[in-house]
Structures are given as structure tokens and as C-alpha cells.
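This report refers to the structure that appears directly beneath it.
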Amino acid sequence: MPAQKEDDESGHNVPTKATSNGTMCANGTLGTEGPEAPETDSSGTGRMRKPLERNGSTQNHVVHLERRLGLFSGVALIVGTMIGSGIFVSPSGLLVRTGSVGVSFIIWLACGVLSLLGALAYAELGTMNTSSGAEWAYFMDAYGPAPAFLFSWVSTLVLKPSQMAIICLSFAQYAVEAFVTECDPPRGVVKMVALVAIVMILFVNCYSVNLGMAVQNVFTAAKLVAVVVVICGGAWKLMQGNTQHLSNAFNGPMPNVGAIATAFYTGLWAYDGWNNLNYVTEEIKNPSKNLPRSIIIGIPLVTLCYALINISYLAAMSPQEMIESEAVAVTFGNRILGALAWLMPLSVTISTFGSANGTLFAAGRLCFAASREGHLLDILSYVHVRRLTPAPGLIFHSLIASAMVLHGTIDSLIDFFSFTAWIFYGGAMLALIVMRYTKPNYPRPYKVPIIIPVVVLVISVYLVAAPIFETPRVEYLYALLFIFAGLIFYVPFVKLGMTPRFMNKVTLFFQLLLEVVPTSSMAMFE
């Protein structure tokens, strides 16, 4: 059947093709993948629904994002991104904010359960819409372009770069400490090492998707070995009878509501990354099965590791010693490993490097997806002609992360990240609930009980509101103002479609410099 064209929602002609079952789908739909194929909309009119996926890259394009991530790589991306610096830094911060070993341990487990529930809800969203971009794609489907733009605006300029900056600063801190024993590592040296790490990770991910995932798989395996070493060391101390810090776990006053919320921020930072697989769904093999399976395997594994690591820490040192230690894992290694104590700084650097690699891998796909829809610069949606990697998006994120490394600190970045991120996580839960009613016939290869997104939504509202009411800070106002400031750019450049004349020349310059093209530029190669 010859190719035809249909008008998309923006008035552009979108080429369509005949699928194997005789239905018509536009470029970007996954017409041959069963549940991901386009279905009639929920209005009952029989019209083809117009999902975000149709603007994606498909195998009909010479240049496209290939499906190269299987179940093992999916689990490795989740585990490798979640287990970063948090578990080696956050235990002390969580104890400070709760003042109780028992309460802090409960919050660690609660953070794991909350992450799992959120990820399961994301699994439904990710199998409904298998486009890359995670929250951005789901906001487009549920709310329309304006909220989706605000998410891409904040996430691209702040959330993802700050996340990578935090991880790379932690990597550099531990890497430099291995060579500086008698004083604190120089701040300038730490920042330079963090910048070198960003450049290395950028090169890996621009060079090849396979290389990026190979690095992720290897570093995930290495960090799990380090986790096992910590757990075995703690078990050895427990067998020697060092249980005094665990037996009086609930001694001390209960923290107030605001302190619990900020303690959750600290714990949830260690778990962040549970949604990163949703950013790369266009590259997952059989996403309807491998996306939820990766989540169900990966997040409980991380939760179990975190619980056992915290028990191990308390078997080797007191809560006060944990609070006073700036590097809990290093202090633990000095107590347990003796001459092999150097393994702990090495393990942390391996862990954080792998986490930063997974973070950039996912962040570049958000740039790619949002730019493809016209919400960011066009060049950010282009793909390298030979390596099939979204190089411009990766480079853009790395540049912003580098600027944050030079001018930010770990603590300030974590608080801003956590507060802002949970606004959008709650928005994604609301999107799922809304689409249960607005798109009841939308294909759902994987479906969660409606109580799950409702619970996560309520908790996210609490996490955002409690710190504001308990300890108001001007930073929270700045975060909200920055989110809505995106409308200043949305109205002229997205809603009205205004484009400065010089942008075409800028796009062409970077296209030639980086050897990248749009995913739909098939005619260039025919």
C-alpha cells in the first residue's frame, strides 16, 4: 500500500505507512509490536488515537534509536543508577534529621517501598507510551504540551544536570581522599576530578550505546561486589556480638513532621534513579515485559542491599560516630578491613562512576524526546549518523552539569533536586489517574491497582508541602518561580512557533560539527 499522509495535532503532515496487520500508523509508532500498536481512542468514534510515540524514531528510519537493552541491561541501569553515593553518604544525614536509629531504619525501608510503588506506576505509563522521555511523554498524553514543556524546562536545565553534578562531586571527593590522608581534599582538585569524570562519561555514551551499557553492566556488577563486602563485614561483627547499637534502636525523641519529610529527602536521594529506565523505553527490547520485570527485580534488590548495609554500619560503629564521619563507608572500611581498607574508597568511586554513567544515559534521552516535539532546540533531537547516539543532548546535559560542579555544593544541590523532583513525580501519578478516566481504552500491557498511584501522589504532596510549612525557606519559592518561568519561553517559542532567523544557521553549524541528523532524515541517505 503506498504511503499516505495525515495531519498531526500541530497541523503538520506526518507520513504514514501500512503495518503488517493492515492498519495505518505514522512514523514513530510501533506498529508491529502488538500492545504498542495504535488503537482507537477512548471517545468511541473509531478514530486512530494519536499517541506521542508517532513522532519517535523507528526502524523505518535509517537513523534511529535501536532496541538494544534486554532484561539484564534494564536491571543494571536501575540498580547501577540507584546505588551511587547516597548509601555511602546519606546514612549520617538521615540520622541527624531523625535522631533515632530505629526511625531512620524505618525511613530507609519506607523509601524503598515508595520507590517501588512509584516505579510500578511508571511501568504502566511506560508500557502505555513506549516513547523515550518518561514524565515529559506522560504529561503530553495527560495534560497537553504546556505542563510537559515545564517539566522538560526544569528537568533539562536543573534536575538531571544537578543529579549528575552531585554524583560526580561525590565520585571526586572519594577518589581524591584515597590520595589525601592527613587533611581534607582541596576543593579545586575535587572539582577538576569531577569535570574529568563528566568528560569520560560523555565520551563513553557518545561513542556507542553498547559501550555505555557495557560500562553500566560492569560497574553495576563491581558495586554489588562492594555491597557484599560491606554486608559480610557487618555480619562478622554481629556474630561477634556487636548488637548494642541495634538493641536500643528506638531510644530518643520522635522527630516532628517537617524533620521526617526532610529525612525522606535524604533517603529518597539514595533511591533516586528508580524511574530512569522509563527515559529509554525506545531502546528496550520488548518493553511491555522487560520494563516491569526490570523494576520488580531491581528496586527490591536495592532496598535489600540498603537495609543490610545500614545494619552493617551500626554493627561496626555507633550512631554518633556515623554522624561525625564525613565518609561513613571509609570509616567502616578502616574498622573492618584493616590493611584492605583502601577497598572502600575504591568501591565508592566505582559506584558513583557507574551511577553517573546511567544518569547521563537517561538524561540524554529526555533532551532527545522533548526536542523532537519542538519543546527544546531542534539540534538536541538529532542522532549521530553512524553511532546512533543522541550526542547533542548528551553534550548539552554535560555542559550544564559541569557548570553546576564549578559553582555548586552537594548539600545545596540535593535539597533543591529533591523538592523539585517530587513535584513532577506527583504529577506523573496524577497523570496515570487522569488517563484511567480520559483514556479508558488506551492499551495497557501492564496495569497496577489504582491505589498505588493514589498513595504515591498523597506522599508526594506531603513531601513537597511539609518542609514549606514546617521550615519555610526562600529556596522553595525560587524553585516554584523557576518552574513557572518556563511559560515565558513556552508561549512565544512553542505555542506561537516563533523561531529566530539565526537558529537555522546555528542548527546547521552544530549538525555539521557533530555529524548528526534528525531521526526522520531518511531521504538524505537514499
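Including glycine, each Cβ sits where the backbone N, Cα and C put it.
Annotation source TrEMBL lists region 'Disordered' at 1-59.
Annotation source TrEMBL lists compositional bias 'Polar residues' at 16-30.
The feature transmembrane segment is assigned by TrEMBL to 69-89 (among others).
What TrEMBL lists as transmembrane segment is 101-123 (among others).
The transmembrane segment annotation in TrEMBL covers 192-212 (among others).
The annotation transmembrane segment is assigned in TrEMBL to 218-238 (among others).
Residues or ranges marked as transmembrane segment in TrEMBL: 250-271 (among others).
Annotation source TrEMBL lists transmembrane segment at 291-315 (among others).
Residues annotated as transmembrane segment in TrEMBL: 416-438 (among others).
Non-local neighbours of the transmembrane segment (450-469) in the same chain are 114, 117-118, 120-121, 257-258, 260-262, 264-265, 268, 418-419, 422-423, 425-426, 429-430, 432-433, 436, 476; each lies 6+ residues outside the stretch with a CB under 8 Å from one of its CB atoms. For 450-469 (among others), the entry in TrEMBL reads transmembrane segment.
What TrEMBL lists as transmembrane segment is 475-494 (among others).
The transmembrane segment (218-238) is not in contact with the transmembrane segment (475-494), judged by fewer than 3 CB-CB distances under 8 Å for residue pairs 6 or more apart in sequence. When each of the listed stretches 69-89, 101-123, 291-315, 416-438 is scored by C-beta pairs under 8 angstroms to the transmembrane segment (250-271), 101-123 comes out highest. Among the stretches 69-89, 192-212, 291-315, 416-438, 475-494, the one making the largest number of Cβ pairs under 8 Å with the transmembrane segment (101-123) is 291-315.
Touching of the transmembrane segment (291-315) and the transmembrane segment (475-494) is ruled out by the presence of fewer than three CB pairs under 8 A, sequence neighbours closer than 6 excluded.
Only residues 6 or more beyond the boundaries of the transmembrane segment (416-438), in the same chain, are considered here, and those with a CB under 8 A from a CB of the stretch are 42, 118, 121-122, 124-125, 128, 134-135, 138-139, 141-143, 147, 151, 154-155, 158-159, 162-163, 166, 265, 268-269, 272, 275, 450, 453-454, 456-457, 460-461, 463-464, 467, 475-476, 479, 483. Same-chain neighbours of the transmembrane segment (475-494): 145-146, 149-150, 153-154, 158, 374-375, 415-416, 419-420, 423, 467-468, counting only residues six or more beyond its ends whose CB sits under 8 Å from a CB of the stretch.
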